[in-house]
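Inspection log for the structure reproduced underneath, given as structure tokens.
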Amino acid sequence: MIPGPIDPPARLLMGPGPISAYPSVLRAMSAPLVGQYDPFMTEAMTETQELYRGVWNTRNDATLLVDGTSRAGIEAAIVSLVRPGDRVLVPVFGRFGHLLAEIAERALAEVHTIETEWGQVFPASVIEEAIVRVKPTLLALVQGDTSTTMNQPLDEIGTLCARHGVLFYTDATASLGGNAFEADAWGLDAATAGLQKCLGGPSGSSPITLSDRAVEVVQARKKIEAGIREPGDPSAPDFVRSNYFDLGMILDYWGPRRLNHHTEATSMLYAARECARVMMFEGRDEVIARHELAGRAMLDGVRALGLQVFGDVAHKMNNVVAVEIPPGVPGDAARAALLEDFGIEIGTSFGPLHGRVWRIGTMGYNARKDAVLTTLAALEAVLRRFGAAVPAGGGVEAALDVYRAAYRAAA
Ligand SMILES: *Cc1c(COP(=O)(O)O)cnc(C)c1O
């Protein structure tokens, strides 16, 4: 039996990512292919770099895409910046902090972690104290960790890192586009993301930006410059042990020399370009404000349904909320009913939160009033069906109140 062509069901993706893509991103992905060095292609790459300078809020020349999911960007940043034996400090406040630590370990770093309870973020003073104690060459810190919904404040961390001579890297996959991000003003040396959260695209391309200082580090570690030696040889700096994720080589491919490395993933480039174009066309601040409003409407909505919100709400990302599953409600069966009966997907949880909370996202294209209201109405119906006592219409009314107040304030 030969299956028919791909024909996915209609879904409203309201989980922690992936989310429903902007329609124009899907259209961009179906645009015709051109050759790798077609002037149209190199021009599209250059435009994409400039668009992402806007998204990241940076003047970094080294602003580009790594082909692969967000994890590809994370891995490229870490394996290219970290030499074997380097000390790397990872403050862990959720699942993705563990991922950064694990990738740094594979890069043969000496990894030091500090941890805080899930649902909390780190005060800058705690991070500084750890920097002083560990003396790392790199601080690797998640900005928004979808596993806990927390948004780690980064605005003071760059100054700390500069004071102590530490490179500062952040994984902004979950937060970029829906929360404030200032690559230059916050003193970031490297930041990576993905498309499938607030940027409103599919997974498969990882935007990255590098400061001049970070570029110097990765350039010095290209195989030829570094000399072809074994790791640990004190007579030469170690070269990057990955070919695909060697940012020095990837930079040469995106730079004026256009040295062949991989074949840029054409349709993903179109998608990434369109994600950034949508954001810069609407306005970076406007898009972040739209996420803030949708997030606040969802927050008030779930609370009005009587659901408890997990974690320190003052530090919650705009684009995702974790709600405690009410006692007696079977979490997985209720989520399945939401999908089967309403076509709406929300997220389950990992680690210590597994079975305890659902995660509901309002990101990218779905940071939208109708998506928020439809989700709350469906959630109310499903909760009632599984025996929870929920106030009729309460979630939708509370969310509408948030939107009405915002419209009045803007009028
Ligand atoms: C969602 C998310 C990722 C996802 O990585 P993929 O490789 O795209 O699956 C990475 N980091 C953070 C902080 C995330 O929230």
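Using N, Cα and C of the backbone, Cβ positions are placed for all residues, glycine too.
TrEMBL lists Arg359 with the feature substrate binding site. Under the DSSP three-state reduction, Arg359 (substrate binding site) is assigned to strand. Note on Arg359 (substrate binding site): other Cβ atoms within 10 Å of its Cβ, all shown chains, come to 23.
The domain 'Aminotransferase class V' feature in TrEMBL is assigned to 41-346.
Note on Lys197 (N6-(pyridoxal phosphate)lysine): other Cβ atoms within 10 Å of its Cβ, all shown chains, come to 29. Secondary structure at Lys197 (N6-(pyridoxal phosphate)lysine), taken from DSSP and collapsed to helix, strand or coil, is coil. As annotated by TrEMBL, N6-(pyridoxal phosphate)lysine applies to Lys197.
Here the C-alpha separation of Lys197 (N6-(pyridoxal phosphate)lysine) and Arg359 (substrate binding site) works out to 13 Å.
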